[in-house]
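Trainee: Below you'll find the structure I mean.
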């Protein structure tokens, strides 16, 4: 069986946002250009029991959150951790690991590192040292990917020259490998399709269009098939911050207009944002497409392994404009490097062709990163910068980044607000290095909605990193800024629970710059009075750190140290810790503060305190939900 697999590389990827998929496809293209065929598969589409039968496997994996595996890798990883697997299980199998991460996070590329170590433990042989892509690099993850691939090709050629018959540096003429896109677009007559959709009600018609369009993009939308879509209607849009505060945070309330979905505090709501209709129209005109054309999209590679859920939906044609609007991010996401490479083949102006070829080359990588990713240029902006390029629709469907859902921590309790779900959202805006104003697609769209419009908002509920605590467990909550969002739901729920029976105390450490961005001020203070959840009578506490109110900055860590004894007593009473907010420094700073408290109050060394906290984490009593 091994002999049949010689000279072919298996590339398995685990992606959360799409970067690992892009990197895996790029490794695949570069291998094929050197004469070695590849199979590129998502790791959740691969049977891990077959690993011992493989010859050479390349893993491309991202790290999410606080060192977490991507959702698509969780089953595969659990299988690899089985104690029944021997140390010789993968003997004779060669592998390489490339990881994607961000060195601004405490557990940089943690998934790639632990996968590499586990494969070694199981007897596999590393072809090259693992590669670690870093979002902080001036060229993003590609700054590490390019040199890592060069090492990979040379080492594979040394191991077995038949991988690359003409050598690791000999590249086949690229045009031969770029003539066939991976998707096929079929156009349909109007009469045929109209009868299939004519009986749908308004809401049902929207649902069918959404399901049809996004199921056609299943190859690019991670885990879409596992989600049940529901529709929400906004009933409240309330600014929480004062004008001129430097921050723009809104409280949103939604009602279910389709069947209500059961959720718990700590869960996450994913929303599909709407793109600017004028920009979508401009994109369609720029690409010389017919917005009213009826199409179906088929992924050539996926013909034989699409889940059953698609068998009915993918046969129903959809308007081209609707497909673009619901699945192709033409107004906010930056295209990938391969987009520029393919564009170069369709450029008719020589100066545009040369510039695009330069951007797609290793020499132009840094300049492309400055032009594209750092400036967050959209697909539409890039196409407008290269007017001679006329890309066929199948290439556009394949290469335009998918329109992704945006995830938000839910800030309500279903016990307090039946048939509703609430969010606390910071409206995102920033200035690029070239002083261009950019904004977040979803947050700006939500902030601009008028509840009177009655717009149907597609949404999906997911489990987050903060499990619902039972009423008997004391809670230590740390949530600066919009990190307070999930804890609004926690507090609402604990208040209801304490009104009908005994409930354990909560202490909450909140942080903001000053009174102007003191989110939910009245709510927190009201729960600090009388018999509120934070009141002394209930054994609770609410502590706010203002970082800009006084000359010396005060953060949640300082307030935690002031309450060191109280925190320690709660921990001894089996309290659980919940941390939410910005993913950069805050989680690691809070962890260090807990180490200091445990070391001081428990009269232990710093190392012992760290180990004690790790044991708390393993016991399910230390939870973090952080976002960029």
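Every residue, even glycine, has its Cβ placed from backbone N, Cα and C.
Annotations in TrEMBL come from automatic prediction, not curation.
Worth saying up front: this structure is predicted, and the values here are computed from it rather than measured.
TrEMBL lists 9-153 with the feature domain 'Flavodoxin-like'. Here TrEMBL flags 15, 16, 17, 18, 19, 20, 62, 63, 64, 65, 135 as FMN binding site. According to TrEMBL, the domain 'FAD-binding FR-type' annotation covers 227-474. Taken from TrEMBL, the feature FAD binding site applies to 376, 406, 407, 408, 409, 440, 441, 442, 443, 627. What TrEMBL lists as NADP(+) binding site is 482, 547, 548, 553, 554, 555, 556, 557, 589.
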Trainee: Are there any residues at least 6 positions away along the chain from residue 62 (FMN binding site) with a Cβ closer than 8 Å to its Cβ? List them or say none.
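Mentor: Those within reach of residue 62 (FMN binding site), by Cβ under 8 Å and sequence separation of 6 or more, are 14, 15, 16, 17, 19, 20, 70, 99, 100, 101, 111.
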Trainee: What is the nearest of the binding-site residues 64, 376, 407, 409, 441 to residue 548 (NADP(+) binding site), using the Cα of each?
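Mentor: Nearest in space to residue 548 (NADP(+) binding site), counting only the binding-site residues, is 409.
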Trainee: Please report the distance from the Cα of residue 64 (FMN binding site) to the Cα of residue 409 (FAD binding site), rounded to the nearest angstrom.
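Mentor: About 16 Å separate the Cα atoms of these two residues.
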Trainee: What's the number of neighbouring CB atoms sitting within 10 A of the CB on residue 548 (NADP(+) binding site)?
Mentor: 13
Trainee: So how far apart do the FAD binders 376, 406, 407, 408, 409, 440, 441, 442, 443, 627 get, largest Cα to Cα in Å?
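Mentor: Value for the max Cα separation, rounded to a whole number: 25 Å.
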Trainee: With an 8 Å cut-off on Cβ-Cβ distance and a minimum sequence separation of at least 6, pull the same-chain contacts of residue 376 (FAD binding site), or say none.
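Mentor: Listed in sequence order: 332, 334, 432, 438.
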Trainee: Of 441, 554, which of the binding-site residues has the most Cβ neighbours inside 10 Å?
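Mentor: Of the binding-site residues 441, 554, the highest Cβ count within 10 Å belongs to 441.
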Trainee: Out of 407, 556, which has the highest number of nearby Cβ atoms, where nearby means within 10 Å of its Cβ, if these are the binding-site residues?
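Mentor: Result of the Cβ crowding comparison: 556.
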Trainee: Nearest to residue 482 (NADP(+) binding site) by Cα, among 407, 409, 441, 443 (binding-site residues)?
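Mentor: Out of the listed candidates, the nearest Cα belongs to 409.
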